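Structure record follows, encoded as structure tokens.
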Amino acid sequence: MRTILITLAATVVPAISALSYDYVVIGGGTAGLAVASRLSEDTSVTVAVLEAGFDAEGLREVFVPGLIGSGIAFTTLDWAYKTVPQTNLNGRNLTVHAGKGLGGSSLINAMIFPRAGKEQYDAWGQLNNDSSWTWDNLLPFFKKSELFTPPNAFQNASGVRYEEAMHGFNVTEGRVKVGFPNYFFNQSALWRKAAEGLGFPASPDLANGDPHAVGIAPNTIDAANNTRCSAACAYLTPFGHRTNLLVVQNATVSRIIWADSTGGNLRAIGVEYLVNNQNSTIDVSKEVILSAGAIGSPKVLELSGVGNSTILNTAGVKPVLHLPTVGENFNDHVHSWANAFTNITLTKDVLQRNSSFADAQLLLWLRDRTGLYSAAPRSMGIAAPSDIFSRTQLNDLIEQAETNLMRFAEQFSNGNPNLTKGIAAQHRIALDLYKQDKSLPLEMNAEPGYSGPTSIGNRPGVNYTSINVVLYAPLSRGRTHIVSADPHAQPAVDPAYWAHPLDVAAQVGGINLARRMLTAPPLDTIYTGEFEPGEDKDSDAKIEEWLRSVVASDNHEVGSLAMMPRDLGGVVDTSLKVYGTANVRVADASIIPFTISAHTVSTIYMIGERAADIIRAARIESELFSSPNWLAPLQTAFFWLGRGLANWLV
Ligand SMILES: Cc1cc2nc3c(=O)[nH]c(=O)nc-3n(C[C@H](O)[C@H](O)[C@H](O)COP(=O)(O)OP(=O)(O)OC[C@H]3O[C@@H](n4cnc5c(N)ncnc54)[C@H](O)[C@@H]3O)c2cc1C
Ligand SMILES: *[C@@H]1O[C@H](CO)[C@@H](O)[C@H](O)[C@H]1NC(C)=O
Ligand SMILES: *[C@@H]1O[C@H](CO)[C@@H](O)[C@H](O)[C@H]1NC(C)=O
Ligand SMILES: *[C@@H]1O[C@H](CO)[C@@H](O)[C@H](O)[C@H]1NC(C)=O
Ligand SMILES: *[C@@H]1O[C@H](CO)[C@@H](O)[C@H](O)[C@H]1NC(C)=O
Ligand SMILES: *[C@@H]1O[C@H](CO)[C@@H](O)[C@H](O)[C@H]1NC(C)=O
Ligand SMILES: *[C@@H]1O[C@H](CO)[C@@H](O)[C@H](O)[C@H]1NC(C)=O
Ligand SMILES: *[C@@H]1O[C@H](CO)[C@@H](O)[C@H](O)[C@H]1NC(C)=O
Ligand SMILES: *[C@@H]1O[C@H](CO)[C@@H](O)[C@H](O)[C@H]1NC(C)=O
Ligand SMILES: *[C@@H]1O[C@H](CO)[C@@H](O)[C@H](O)[C@H]1NC(C)=O
Ligand SMILES: *[C@@H]1O[C@H](CO)[C@@H](O)[C@H](O)[C@H]1NC(C)=O
Ligand SMILES: *[C@@H]1O[C@H](CO)[C@@H](O)[C@H](O)[C@H]1NC(C)=O
Ligand SMILES: *[C@@H]1O[C@H](CO)[C@@H](O)[C@H](O)[C@H]1NC(C)=O
């Protein structure tokens, strides 16, 4: 029973320490705000969110769709994690961007909102022997998270397609506003036609679980005023008045506080955090939900003494629970580009080079939400192995990967035999999907302007058409671990990019595919020569060499607290609870065991919705079991009956 009446309104920083809340959410990002918002719908529980960043919803660079990419220019809004030198990428230290602020990465991301292939979600269920984590059973949570605005006549005429059955339209339930831009570049349509000519089907909806196609991706845009809808816009701003929801900004969590261990599972009783380096704690009566992102969450667990004892001791943290796969199984998408000179007259380059033109376009946006800044231009296509490789090349690559399967699983698992089995299981599923042409190793998307590794001052001042080529199904696995007990220190982030030869071959194949697209009709009508990689890169070996010197993170990092069985090296079970703990769950990108072929954010909202549902069911169950004895059997019966009925209704 709750004993104190909480009267603090959301977003107020508490002046006193040792407040007590039922649920404490660590990280007010994409999944964290979804969980906190859903849990606090129940006025009988109290929820607190501790977020390291602040409210940035009022920044133009955040809310204007055409300014995507500007968010990372604010060092206050970006953790900008540096990787350790990447051995397969000429020893370069790459930057993994991650949002810091209410909304987390949804605040600074590119707002692209498709979903991955059905088979990829099914793989999570397969790995975990749990059919509740499969596409069919997760689709209701995807739909619940969104409030979809169908394309208007102009957007439809510009090529936007959608399938009604795939989306959420419930105005009282849906939260993330999903819609389409108000401006479409002509070259995007030319590119879609070129891709169709190369065999990509026209997609009826890139969120329908069958994204091996080409189309216009939905965006996290509020169609009513053409602004970004972040997790803060979706799950917090409309509910900021809730008196049972506390959101503390500028609060960096330093650790979870555990009850004195008397055997059995570890119980969290509080969370320690720093505001302006001032140390406070908040007590937890029910559960801690860890939502600090795929790099932030393993860091907090390790700072709290949960992880590989060797790694914790080296960092100067006293081990409390030896759970050696915390921070392992880490993987990320890899970004690359091909770009061409173009003689089309209107590109995003003009915005960068002509400030009076840019000012005029911004005025159009401010006046009536039109112009180039009302666009978040993303026509995209997802490629299957048959789009990238010849049959013999593919058979060869698969055969080699199968022969070396255990060698790579061992190499990637940091001496942990359970995780070796887990990574081997993931690779088997991935290779089966490759064989069935159901793996989706690459995203191809058209950029109406320059996209590439060369800074504006170092490239010709002309107009460009670019294709982003993103490696979507990496077999490489790395790790992220703390190196210091200082909560402000960055961890050692090692995505181990390109550690598997199939990853390298797929990305090189993607550049070849991008070249074919740039020169295929009708896109060839605006093509006036290649800039990058450059015509001198005339063999796979030369493309590969160039890529090693330029590829970047796609900022879709996942897997560091993977949902897998314990004997496969998992960190959380299918109720998202950390093995060996009584009341700590993880809800964010960390739990995704198996990379998906999509931008991640729609999946992470789904995880937030599912987590809230699991937590709510657990509370109801535990309250029933703790009620007076004579009532319990009856209530339990009704509870299970109710759940059965609910499942049946779904
Ligand atoms: C530049 C960029 C572009 C992207 N583009 C797209 C896109 O177009 N479409 C798409 O689908 N995905 C995109 N992504 C990826 C997607 O946005 C992320 O995968 C997703 O938002 C991650 O959600 P999360 O809940 O796991 O973590 P986050 O949303 O990152 O939330 C983690 C939160 O925890 C906080 N935190 C971390 N450590 C602590 C601590 N110790 N104490 C307190 N708080 C802490 C962080 O400040 C943050 O607010 C992009 C990402 C980036 C960075
Ligand atoms: C790259 O990272 C390593 C540590 O991971 C660091 O020692 C080195 O200085 C970094 N190099 C650059 C150029 O930043
Ligand atoms: C998978 O789950 C089913 C039903 O829940 C169970 O009968 C079966 O034994 C499980 N299989 C494995 C390998 O755990
Ligand atoms: C949308 O556009 C397509 C093709 O241009 C057209 O066939 C269809 O009728 C349009 N739908 C609506 C609702 O306008
Ligand atoms: C919309 O969601 C609310 C709240 O969950 C629910 O009560 C209602 O039945 C839903 N409406 C429809 C049309 O599904
Ligand atoms: C885009 O294409 C349309 C139709 O072909 C044409 O009318 C328009 O002028 C083009 N816009 C630009 C900026 O080239
Ligand atoms: C857009 O609309 C939302 C919802 O009504 C509102 O909260 C937000 O402030 C608006 N943003 C701008 C920039 O007008
Ligand atoms: C959080 O920190 C920022 C930057 O230091 C500051 O501008 C803001 O006022 C702080 N917000 C709160 C609620 O303390
Ligand atoms: C916060 O205070 C507690 C109790 O004094 C102390 O044990 C802990 O180390 C402090 N944490 C930090 C990050 O300073
Ligand atoms: C723990 O980490 C060390 C150092 O990285 C590693 O050698 C060891 O194999 C790990 N142990 C387990 C069980 O994963
Ligand atoms: C790029 O396009 C703009 C028109 O939008 C034009 O003024 C400029 O000359 C073009 N640049 C080159 C180098 O062709
Ligand atoms: C652009 O260049 C191509 C040749 O590469 C030419 O066929 C086409 O007419 C040119 N278009 C314009 C608008 O100049
Ligand atoms: C491996 O998994 C087994 C079974 O779940 C567990 O008992 C054991 O502690 C795990 N070993 C390591 C090194 O994590």
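Glycine too: its Cβ is placed from the backbone N, Cα and C atoms.
Within 10 Å of the C-beta atom of H556 (active site, proton donor) sit 26 other C-beta atoms, taking all shown protein chains into account. Summarising the annotation, TrEMBL assigns active site, proton donor to H556.
Positions annotated as active site, proton acceptor by TrEMBL: H599. For H599 (active site, proton acceptor), the same-chain residues 6+ apart in sequence whose C-beta sits under 8 angstroms from its C-beta are N109, A110, I112, F113, P114, A217, H556.
Annotation source TrEMBL lists domain 'Glucose-methanol-choline oxidoreductase N-terminal' at 99-122 (among others). Model confidence over the domain 'Glucose-methanol-choline oxidoreductase N-terminal' (99-122) stands at 97, taken as the mean pLDDT rounded to a whole number.
Per TrEMBL, the feature domain 'Glucose-methanol-choline oxidoreductase N-terminal' maps to 293-307 (among others). Below 8 angstroms of C-beta separation, residues 26-27, 29, 52, 79, 81, 96, 98, 104-105, 253-258, 266, 315, 317-324, 326-327, 330, 480-482, 485, 487, 491, 493, 557-561, 578, 580-581, 586, 588-590, 592 of the same chain, each at least six residues beyond the ends of the domain 'Glucose-methanol-choline oxidoreductase N-terminal' (293-307), sit close to that stretch.
Among the features that TrEMBL reports, signal peptide is placed at 1-18.
Here the domain 'Glucose-methanol-choline oxidoreductase N-terminal' (293-307) is broken down by DSSP into helix, strand and coil counts: 11 helix, 2 strand, 2 coil.
DSSP places the residues of the domain 'Glucose-methanol-choline oxidoreductase N-terminal' (99-122) in helix, strand and coil in these numbers: 9 helix, 2 strand, 13 coil. Secondary structure from DSSP puts H599 (active site, proton acceptor) in coil.
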